[in-house]
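Record features, source TrEMBL:
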| type | residues | note |
| --- | --- | --- |
| DOMAIN | 12-270 | domain 'HTTM-like' |
| TRANSMEM | 17-37 | transmembrane segment |
| TRANSMEM | 58-82 | transmembrane segment |
| TRANSMEM | 88-105 | transmembrane segment |
| TRANSMEM | 117-137 | transmembrane segment |
| TRANSMEM | 157-176 | transmembrane segment |
| TRANSMEM | 205-227 | transmembrane segment |
| TRANSMEM | 289-309 | transmembrane segment |
Amino acid sequence: MQNYIGKVKNESSKDSIFYLVWFRIFFGICSVIELLAQMFTTDLNIYAYQGFHFNYQWFINVPLFSTYTVLVLFILGLASSIFFSAGYFYKIVSKVQFLVWLLLFQIDQSEYVNHSYLYVLISFVSCFFPANKSFSLDVYFKRVAVVTQVPKLYRNVLLFQMGIVYFYAGIAKVNLDWFQAMPLQIWLGYKSEYFMIGPIISHKAWAFVMSYVGVTFDLTITFFLLFRPTRRVAFLMCLLFHLSNVMIFGLASFPWFSICMSSLFLSLEDLKPLTKFLRISDKAEFSRVNLSFTLNSFFVFFIIIQLVLPLRPFLYNGNSMWTEEGHRFSWHMMLRSKQGYLNYKVVTYKDGKRKTIFVAPKDYLLQEQARKMKGRPEMIIGFAHYLEEFYLDYGYETVEVFANCKMSLNGHESRWLIDREVNLASEERGVQPYQWILPFDQRLEKQKDSSKPIVSN
């Protein structure tokens, strides 16, 4: 009886290595696409900028990189991603790929996008996968032995991570603005010139269709992919959903990566053409690729962190789309469009004399940095601290920094985001709620302030 139970347990815990091979090939390709996209946009300028950078709390401060160093970093990332996809020197290049993604991610908060964060996580866990033990150059050159079956936990970690992305993105969409098709009405309105589809997607009704389909898709797709009778139809829905995002929003490599990750839910029978192409059999004996207690514990810890971290917005009062508290690392995607202005009033004291200086962020930052920091309190206080240090180094004895920031969220009437009476130089950064962020439901002034230009954010 014990032997029978052990055999059943062994059968239920093994998995074809095909899934890891397919993931390895596709993730490497997506990494190449994403890195090339960043190289040929303003991202490269921000990474190589020799001025102020918006650092993350609790992360190491990345030193200033020259343009040459950043290019070397990109070349390392591209090379490691290509080798990763080919399964060549996998143990080394998987770690190099992870370090490149981590370094690029940490350089500047203004560059935060959810799929870059996802790539950091995925590249990290992939360092522990035996994804090079079939259909790889490591196998071809006999650097590793061929493996056909691996513990199922490897694929389950990937499925879990993708399910977390979908589900928490859906939870975040359950808000009044989203059900009023905001901010999609704003963004789709700019796409009326698109060839053929422009007049359709820019119509108000289409924004409502996308909003309701989007929240329904995110909340339910993982469960439909897990449920065998609905799995194939659910995958077809994934294809339609992500390909429509490619047509309308682009989003670089993320939709393609999402399609790949969603395909990992399918059975080997569904993926038979691919398994034949990769020459991977699902009938071989279970090979001796076992998970150590340490690695098992690590994956459990990773899963717990990914479950808990996106719950942070619920620990704060107020609208997280407005305050941005808990917004990052929580899979809040395409939820808010902010328009408005931001400038600073710097009050300096020296030899008993008081001087007031008005500062525009664009005079100290790259245009893209200045544009993205508007409406993001964590970045606003970070730059306020920089201004304090800047003027103290300039010779002033005391420096106070006040922010004038008025924003409109998702087409709502403009209102003050930051308390103008609070000296941000004396406020600490941290995970605590920022009392100097004014609530979204504040009483609005009767007179609209139209003295400043409204800049898209």
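Numbering starts at 1 and runs along the chain as displayed.
Glycine too: its Cβ is placed from the backbone N, Cα and C atoms.
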Mean predicted confidence [pLDDT] for the domain 'HTTM-like' (12-270): 95
Same-chain residues near the transmembrane segment (17-37), Cβ under 8 Å, at least 6 residues beyond its ends: 74, 77-78, 81-87, 90, 97, 101, 115-116, 119, 122-123, 126, 129-136, 147-150, 154-155, 158, 252-254, 256-257, 260-261, 263-264, 268, 271, 274-275, 278, 280, 282
Intrachain neighbours beyond the transmembrane segment (157-176), with Cβ under 8 angstroms and 6 or more residues off its ends: 19, 23, 114, 118, 121-122, 125, 211, 214-222, 226, 258, 261-262, 264-265, 299, 302-303, 306-307, 310, 313, 321, 330-333, 335
For the transmembrane segment (117-137), distant same-chain residues with Cβ under 8 A (at least six beyond the ends): 17-18, 20-21, 23-24, 27, 30-31, 34, 84, 86-88, 90-91, 94-95, 97-98, 101-102, 105, 144-148, 150, 154, 157-158, 161, 165, 254, 257, 278-280, 289, 295, 298-299, 302, 306, 328-329
Long-range Cβ neighbours of the transmembrane segment (88-105) (under 8 Å; 6 or more residues past either end): 24, 31, 38, 47, 62, 73-74, 76-77, 79-81, 111-112, 116-117, 119-120, 123-124, 126-127, 129, 131-132, 136-138, 141, 143
